[in-house]
Amino acid sequence: MLLPFLYKSISHSIQNTSMAYGNRFAAIFFFILLSVTNNYTPCQAQLSTTFYDDTCPNALRTIRTSIRTAISRERRMAASLLRLHFHDCFVQGCDASILLEDAPSIVSERNALPNKGSVRGYEVIEAAKSEVEKLCPGVVSCADILTVAARDASEMVGGPSWSVKLGRRDSTTASLALAETSLPSFKASLGSLIKTFDDNGLSARDMVALSGAHTIGQAQCFLFRDRIYSNGSDIDAGFASTRRRGCPINEGNGNLAPLDLVTPNSFDYNYFKNLIQKKGLLESDQVLFSGGSTDSIVSEYSNNPSKFKSDFAAAMGRMVIVFLRMMLNFDASTAVPFTQFKRHYQLMAYGNRFAAIFFFILLTVTNNYTPCVAQLSCTFYDDTCPNALRTIRTSIRTAISRERRMAASLLRLHFHDCFVQGCDASILLEDAPSIVSERNALPNKGSVRGYEVIEAAKSEVEKLCPGVVSCADILTVAARDASEMVGGPSWSVKLGRRDSTTASLALAETSLPSFKASLDSLIKTFEDNGLSARDMVALSGAHTIGQAQCFLFRDRIYSNGSDIDAGFASTRRRGCPINDRNGNLAPLDLVTPNSFDYNYFKNLIQKKGLLESDQVLFSGGCTDSIVSEYSNNPSKFKSDFAAAMVKMGDIRPLMGEEGVIRRICGAHP
């Protein structure tokens with residue numbers, strides 16, 4: 001291949017050719033560079049998000065099913081799969097060398113100190129590989145399965161998703177020596193960590209973002225024993241004391257402790273909050289917030305979970321393409337460290353400015369390459385189904401003209417979809433041999449409605465453009481149209497989601513906020529999905545329309561509590577006896593129940609919130625000021641509501657080659 005030859009030629013010329021030959025070298029290099037830039041495109045020739053579309057079209061779905069099965073058995077496996085991928089990529093590149101067992105010609109990387117007895121998940125990758133082999137023997141590499149598994153693992157515990165570039169091939173070698181020296185130590189200093197990541201083409205921001213994977217997973221006692229017994233100034237005394245209970249000073253080396261004490265099984269941003277509180281479990285965690293250059297990044301992520309998740313996804317995308325030997329198909333004899341490649345550029349810049357400029361261009365082509373990332377777009381169907389949105393709008397208008405309450409139901413249906421697995425239309429799937437429907441979950445059963453409206457809209461769209469528009473997008477558009485048709489705001493809907501092939505009753509039981517939720521619980525649930533407290537209050541304003549069943553507010557109206565207006569409670573008791581009529585309905589907004597306005601917030605200030613989870617928004621807590629603001633400024637409420645709905649629609653969508661386009665929204669494809 002041309003590029004490895006080019007690099008060797010450049011290296012040799014730099015080291016052995018005098019400056020007198022600089023112009024000749026520049027001319028030769030310019031000719032070769034033209035060949036490279038005109039005829040070689042890394043995205044096309046190497047990795048591609050559509051690599052298996054023709055050769056193994058169901059590969060990603062099959063891998064996803066295997067990973068989901070493994071994580072449903074053991075949630076900790078998500079962290080293990082992310083770590084397995086990381087430990088592979090930092091040794092020889094993302095080539096699945098870490099998976100190789102000992103053989104006559106191989107000393108396995110599994111035996112290296114950073115891996116032995118701690119890196120796990122090998123059997124999960126083998127199981128996924130076995131399933132893929134049944135479909136497409138000898139087509140999909142183990143390296144690609146590792147990469148896809150890391151992405152799926154992140155998403156399945158509440159982390160971000162990203163488009164994975166595919167086309168890697170598997171190494172025939174492993175390097176125990178490199179595994180011993182190339183992986184960052186749990187005792188690494190900040191300077192050492194920055195250098196290790198920089199050597200692999202990753203920035204300090206990438207390093208902090210990727211370290212955020214420690215928001216899930218566990219570490220063995222021997223890795224943090226010195227830290228918790230050091231009585232150092234960089235560790236919270238109470239945290240150290242708590243950790244000592246499970247990690248005696250002279251035994252229990254393999255005892256496990258969560259890397260994030262607060263939410264160890266959810267991919268959130270508490271890891272960064274822990275660091276600010278001096279509660280990083282490993283030394284290599286705490287150095288990220290220790291008065292150094294990365295403090296500001298940690299602080300930023302601790303206040304902005306959506307920024308952390310987007311940076312994490314971007315860094316994961318970069319991690320699998322920055323290794324030059326992966327992008328250029330270098331073999332072991334031609335591979336060189338990234339730092340050596342940069343140093344050669346610097347040397348050449350001194351000797352020949354002209355050649356240096358073109359060498360810089362080459363670095364841009366090969367190293368600073370931006371991964372192809374599938375994105376949602378407001379114009380997604382403009383060419384493939386230009387009348388889709390108009391057709392959906394007509395269906396939604398018809399449904400709401402028949403029953404105005406349906407507007408609230410469609411907003412709620414979209415909300416209950418997005419908070420479980422992301423905005424993937426999983427809530428629409430009915431029971432099937434491989435599916436336990438989310439419709440049967442306690443927060444949904446007998447109360448979530450509007451399924452038939454979405455099916456009707458889908459049916460009309462299918463007549464125009466069969467197999468083009470996803471149910472997930474129809475749900476999202478329907479929520480926007482429903483809001484507008486009852487006097488609420490409108491907004492530009494981003495499109496391009498695909499439909500899930502799975503549903504999760506378990507997640508629906510645990511991920512949706514309860515009608516009895518406390519303020520802190522509500523804030524955390526929304527933050528776990530990248531939504532702020534302001535977003536949460538704005539979205540709760542959807543309760544300006546709609547109704548609730550008696551059993552949801554009975555305890556509140558009979559409690560005689562100090563947080564409920566006595567006259568309001570008395571009025572509500574008339575239609576909700578203390579011992580029966582569980583399904584009787586009452587409007588969430590007593591004043592203007594069928595109009596999208598701001599009376600909901602005025603009700604809260606008057607202690608007339610129907611549900612406990614409504615009233616806690618104005619109960620002496622941190623959201624009181626937002627409720628007061630919205631009660632006085634309806635235009636601000638509506639603009640914030642629209643912005644929050646857009647953000648909610650961005651929760652973990654399936655894009656690109658992920659998921660499917662269902663022809664019938666309730667049926668497994």
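The backbone N, Cα and C atoms fix where each Cβ goes, glycine too.
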Report task. If you have TrEMBL open, could you say which of Cys385, Cys418 makes the disulfide with Cys423? Result -> Cys418
Report task. State the disulphide partner of Cys465 as given in TrEMBL, choosing from Cys385, Cys471. Result -> Cys385
**Report entry** Cys576: disulphide-linked cysteine among Cys550, Cys622 [source: TrEMBL]
**Finding:** Cys550
Query - Cys372, Cys622, Cys665 - which one TrEMBL pairs with Cys471 by disulfide - result: Cys665
Report summary line: For Val420 (Ca(2+) 1 binding site), the spatially nearest of the recorded positions Cys385, Pro513, His543, Thr544, Asp597, using Cα atoms, is Pro513
Requested in this report: Using His543 (heme b binding site) as the reference point, find which of the recorded positions Cys385, His416, Glu438, Cys576, Asp597 has the shortest Cα-to-Cα distance to it.
Outcome: Asp597
Query - Residue with minimal Cβ packing [other Cβ atoms within 10 Å] among the recorded positions Cys385, Cys418, Val420, Cys471, Cys550 - result: Cys385
Query - Cβ-centroid neighbours of Ca(2+) 1 site Asp417, Val420, Gly422, Asp424, Ser426, Glu438, 8 Å, sequence order - result: His416, Cys418, Phe419, Gln421, Cys423, Ala425, Ile427, Ser500, Ala503, Ser504, Leu507, Ala508
Report summary line: When each of the binding-site residues Asp417, Glu438, Asp597 is scored by other CB atoms within 10 A, the minimum falls on Asp597
Requested in this report: May I have the list of same-chain residues other than Thr544, Asp589, Thr592, Asp597 whose Cβ is within 8 Å of the Cβ centroid of the recorded Ca(2+) 2 site, in sequence order?
Outcome: Ile545, Val591, Pro593, Ser595, Phe596, Tyr598, Asn599, Tyr600
Query raised in the report: Across all chains shown, how many C-beta atoms besides its own are within 10 angstroms of the C-beta of Arg412 (site 'Transition state stabilizer')?
Result: 22
**Report entry** Most Cβ neighbours inside 10 Å, all chains, among the binding-site residues Gly422, Pro513
**Finding:** Gly422
Query raised in the report: Over the domain 'Plant heme peroxidase family profile' (375-669), what is the model's average pLDDT?
Result: 93
